[in-house]
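Student: Sending over a structure as structure tokens; questions will come in a sec.
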Amino acid sequence: MCTASRPRIAVIVVAAGSGTRLGAGSPKAFVTLGGRTLLERSLHAVRCMREPAQVVVVAPEERLAEAAALGEAGFGAAVDVVAGGETRQGSVAAGLGALREGVEIVLVHDAARALTPAAQFDAVVAAVDAGGAGVVPGLPVSDTIKRVGADGEVRETVDRSVLSAVQTPQGFPRDQLVAAYAAATTDETDDAELAAAAGHPVTVIPGDARAFKITTPWDLRRAEELLAGLAAPRIGFGTDTHAFDPSAELWLAGLRWEGEPGLAGHSDGDVVAHAIVDALLSAARLGDIGGVFGTGDPRFSGAHGEVFLTETRRLVEEEGFRIGNVSAQIVGNRPKFAPRRAEAETLLSRVLGAPVSVSATTTDGLGLTGRGEGVAVFATALLLAP
């Protein structure tokens, strides 16, 4: 969620289109898909971006209040809303006029690309940062493309190896996009064309098949079918075991336990957090904690369990799920967990935005935990469609 008062990134979400080809009788961004409008679904991805962003929604003038309410519902916080222009280009120009001081990178996104994952937004930002120029996501063209005359006669077969079907969000350094719009003398089909016409380089990076534009009734049915595949609840299981390390501090269930021996590990050794992460990743079919947060990544050396849980929640939500509930059971002789159970459950529930229950037991002296050599945790997680 965007919480920074002066974010360096802004996302302009264009939601002013009439939706004539969709035939829904209302502007396209306000059409419902699986119980939520296209605008809400588009903003959900923005909410899951790694870095906070200012959000500017460009909507029809007569629906600004509705756009503000839907924007807050989808983004989870208030968004800036401005009236659109006569054309898409005019609408984006209106959005540019609402950018706050301090914004350095601008992403322009079509609300009609409602299933675009947050990872695509993050990839565009990273590419703009790396290259200092415009970036658009695109997919290879798989169909054979013919150039035809007005009479329908084929004039040429275009080499599809040099073609890319571009998507949004399209990202640019703010100064370049503002300059391109100021210099525009004709309406172009997208922002990348405007930037290129103004002499600014634009690079294509790999896009995502889910970022297709919902323009026709067939597109809407396709999106509904994709969402239907996410509708069934997902259950994941995770486990983790760490040996005691008397030289380390003990972190367990997000809490520091003074006077107790710590657990060995690349991070803080919080086995409760790690088992929950594995359960969530398993339910979302995202792999496991080792594959996602490998021990070779210095960003997570010594990191607390809350860091892993926060990022895992973001990844799960990026895939289109919400966390239903989580249950974890600690197996070990120490520490005595019952006195701090409520404290741990409150912290974990806050981090994950869902109910978390934690219980504890022993193995009556059997095995590694029974001998007092370490702690094991088993966790289950339930994921639901948003």
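Yeah, the Cβs are placed from backbone N, Cα and C, and that goes for glycine too.
Grabbed the feature section from Swiss-Prot, which reads as follows:
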type: REGION; residues: 1-233; note: region '2-C-methyl-D-erythritol 4-phosphate cytidylyltransferase'
type: SITE; residues: ARG21; note: site 'Transition state stabilizer'
type: SITE; residues: LYS28; note: site 'Transition state stabilizer'
type: SITE; residues: ARG160; note: site 'Positions MEP for the nucleophilic attack'
type: SITE; residues: LYS213; note: site 'Positions MEP for the nucleophilic attack'
type: REGION; residues: 234-386; note: region '2-C-methyl-D-erythritol 2,4-cyclodiphosphate synthase'
type: BINDING; residues: ASP240, THR241, HIS242, HIS266, SER267, ASP288, ILE289, GLY290, THR361, THR362, THR363, ASP364, ARG371; note: 4-CDP-2-C-methyl-D-erythritol 2-phosphate binding site
type: BINDING; residues: ASP240, HIS242, HIS274; note: divalent metal cation binding site
type: SITE; residues: HIS266; note: site 'Transition state stabilizer'
type: SITE; residues: THR362; note: site 'Transition state stabilizer'
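Have a look at these and tell me how they're positioned relative to everything else.
Tutor: When secondary structure is read from DSSP and collapsed to three states, LYS28 (site 'Transition state stabilizer') falls in the helix class.
In sequence order, PRO140, VAL141, SER142, ASP143, THR144, ILE145 constitute the residues six or more apart from ARG160 (site 'Positions MEP for the nucleophilic attack') in its chain with CB-CB distances below 8 Å.
The number of other CB atoms found within 10 A of the CB of LYS213 (site 'Positions MEP for the nucleophilic attack'), across every protein chain shown, is 15. In the three-state DSSP scheme, LYS213 (site 'Positions MEP for the nucleophilic attack') is classed as coil.
Per-residue pLDDT, averaged across the region '2-C-methyl-D-erythritol 2,4-cyclodiphosphate synthase' (234-386), gives 91.
In the three-state DSSP classification, HIS242 (4-CDP-2-C-methyl-D-erythritol 2-phosphate binding site) falls within a strand.
Long-range C-beta contacts of HIS274 (divalent metal cation binding site), restricted to its own chain and to partners at least six residues apart, with a cutoff below 8 Å, comprise GLY238, ASP240, SER267, ILE289, GLY305, PHE308, VAL377.
Within 10 Å of the C-beta of HIS266 (site 'Transition state stabilizer') we count 15 further C-beta atoms, all protein chains included.
With a 10 A radius on its CB, THR362 (site 'Transition state stabilizer') counts 14 other CB atoms from all the protein chains.
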Student: Whole-number answer please: how many Å between the C-alpha atoms of LYS28 (site 'Transition state stabilizer') and LYS213 (site 'Positions MEP for the nucleophilic attack')?
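Tutor: Distance (Cα to Cα, whole Å): 11 Å.
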Student: Calculate the distance in Å between the alpha carbons (Cα) of HIS242 (4-CDP-2-C-methyl-D-erythritol 2-phosphate binding site) and HIS266 (site 'Transition state stabilizer'), and round it to a whole number.
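Tutor: Distance between the two Cα atoms comes out at 11 Å.
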Student: What is the separation, in Å, between the Cα atoms of LYS213 (site 'Positions MEP for the nucleophilic attack') and THR361 (4-CDP-2-C-methyl-D-erythritol 2-phosphate binding site)?
Tutor: 52
Student: Roughly how many Å separate the Cα of ARG371 (4-CDP-2-C-methyl-D-erythritol 2-phosphate binding site) from that of THR362 (site 'Transition state stabilizer'), to the nearest whole number?
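Tutor: Cα of ARG371 (4-CDP-2-C-methyl-D-erythritol 2-phosphate binding site) to Cα of THR362 (site 'Transition state stabilizer') measures 10 Å after rounding.
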Student: Determine, to the nearest whole angstrom, how far the Cα atom of HIS266 (site 'Transition state stabilizer') is from the Cα atom of THR362 (site 'Transition state stabilizer').
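Tutor: Distance between the two Cα atoms comes out at 25 Å.
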Student: Counting other CB atoms within 10 A of each CB, which of the binding-site residues HIS242, THR361 comes out lowest?
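Tutor: Output over binding-site residues HIS242, THR361: least Cβ neighbours within 10 Å is THR361.
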Student: Setting ASP240, HIS242, HIS274 aside, what same-chain residues sit with their Cβ within 8 Å of the center of the Cβ atoms that define the divalent metal cation site, listed in sequence order?
Tutor: THR241, LEU263, GLY265, GLY269, ASP270, VAL271, VAL272, ALA273, ALA275, VAL375, VAL377
